[in-house]
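Notes for the one structure printed next.
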Amino acid sequence: MSDNRRSRMITEGPQRSPNRAMLRAVGFGDNDFTKPIVGVANGHSTLTPCNAGLGALAARAEEAIRAAGGMPQIFGTITVSDGISMGTEGMKYSLVSREVIADSIETVVNAQRMDGILAVGGCDKNMPGALIAMARLDIPAIFVYGGTIKPGHYKGRDLTIVSAFEAVGEYSAGRIDEHELLEIERHACPGAGSCGGMYTANTMSSAIEALGLSLPGSSTMAAEDEEKALSAARSGEVLVEAIRANRTARQMLTRKSLENAIAVVMALGGSTNAVLHLLAIAHAADVPLTIDDFETIRQRVPVLCDLKPSGRYVATDLHRVGGVPQVMKILLNAGLLHGDCMTITGQTIAETLADVPDEPPANQDVIRPFSQPIYPQGHLAILRGNLAEEGCVAKITGIKQRRITGPARVFDAEEECLEAILSGKIKAGDVVVIRYEGPKGGPGMREMLAPTSAIIGAGLGDSVGLITDGRFSGGTYGLVVGHVAPEAAVGGTIALVEEGDSITIDADARLLQLNVSDEELARRRAAWQPRPPRYTRGVLAKYARLVSSASLGAVTDRFSE
């Protein structure tokens, strides 16, 4: 069979002469119409350093695709900056953008009958958005990550964007002055690349590498290093090879490979958002996966990497000592990865890792040996209780206090909570509740990095709990619980919490409990009324109508289940 399995529908035969005429206008010649047409979904944008370098990577991939015998066609897809929109109404559009990215890539690739897709992305939702599209399309596909930002430096310590968020809390608490705040701001982001710790972007790029849909070692490269450009070019070559072999995305996106990705996220100490995104990718690929599968894998996979936000190092440090392949080799040797999973290169995971050392390098402590983990079990725990009958997600490593019972401090929006923290109204022992911020209620399930960073900056990170039906940034740490489901907007128990109620968060018992009698809860539930939608027109209104529970990945196309 020819390599242009799909695009021949628009390039072959006399009736397609008008189609060919238009393609000639964008560079096709007589000998190009039998070549595979390869889409390059380019997320380049100067909105954010995460995506500022993507144009050059897309160009390198385009050149390589052409040299390998394909016909590349570049098209744009969107991004929003989570870091810039954080703490504002604009953050409601962040998770929405995952769906827009997925829908836009699916739309273009299917409309133009492309034979393969290479997606280039950087900011948080670029990665899952692209993977959801690849899973729906099930054609040869590869992802090129824009790369991580290098750490900033100030007064002998490494800085990331989270340093700037935490500095706001420190300034409000009087722990640093305005000059110190400004200097941290000036040094936190020294150039192009995605946020440098094991936050959401680096977590998801690592997960994609574990899934086999990006090149080995590519997920921790620095955005501004030449090896990243070389990796983009090689990705184009590999994709053309995959088109010739008809190696499609769902051959990589299997139950086993998703279990591999979850294991790698746990070993890295990755973002809570990985739960949401991997559930959504599994849904798009028609692979059964539930929130409880994360808990099962967590209990057997240790945290091996000492990475920010709760650790000391950033992604470039991880790359220097072997990157994700080194972590995967350790897990493979421990029987915690499925080595028979296929990758886009045509090799299995085990074959890909064959030449990777069995142990991490000596004289470093970024990656620990399996026998000396940072934590014996994974860090993303699934909690349940009467406050989260469908489950919720807690990052339980890097915290000193693993259980808290305290009075609820209830806020119906992120802004109200942040104001209370910055004005000193939150005290040690409190359990902060931020609700009506879920997928439907926000809508858009905003990340609560500003409130959690303010709590850390105020010196309350070890003594205040926070629960929300919203999300957390990958940069969040502390005694925090997100993705509470059912959410407040649909009448979940979190909507029934009243100021001063006793709430227990117990990381070890995996419990989130409102300490109120069943009779009182029944009375409150009978009196509860749904709130009118915050938006009645536009994309947020559409999203609120379509989106599923966070426990199902907050997808927008779950219609028949």
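Please read every residue number as a count from 1 along the shown chain.
A Cβ is built for glycine as well, from the same backbone N, Cα and C atoms used for every other residue.
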Select one of Cys50, Cys189: the residue that Swiss-Prot places in the [2Fe-2S] cluster site alongside Cys123, Cys195.
Cys50
Which single residue out of Glu447, Glu487, Glu498, Glu499 does Swiss-Prot record at the Mg(2+) site shared with Asp82, Asp124, Lys125?
Glu447
I want the residues beyond Cys50, Cys123, Cys195 whose C-beta is within 8 angstroms of the mean position of the [2Fe-2S] cluster site's C-beta atoms, in chain order.
Thr48, Pro49, Asn51, Ser81, Asp82, Gly83, Gly122, Asp124, Ile149, Gly193, Ser194, Ala201
Find the one among the recorded positions Cys50, Cys123, Cys195, Ser473 whose C-alpha lies closest to that of Glu447 (Mg(2+) binding site).
Ser473
Check: same-chain CB within 8 A of Mg(2+) site center, minus Asp82, Asp124, Lys125, Glu447:
Val80, Ser94, Leu95, Ser97, Cys123, Thr200, Ala201, Asn273, Ser473
Could you list the residues of the same chain, at least six apart in sequence, whose Cβ is under 8 A from the Cβ of Lys125 (Mg(2+) binding site)?
Thr79, Val80, Asp82, Ser94, Leu95, Ser97, Arg98, Ile101
Would you count the other CB atoms within 10 A of the CB of Cys50 ([2Fe-2S] cluster binding site), including those on all shown protein chains?
30
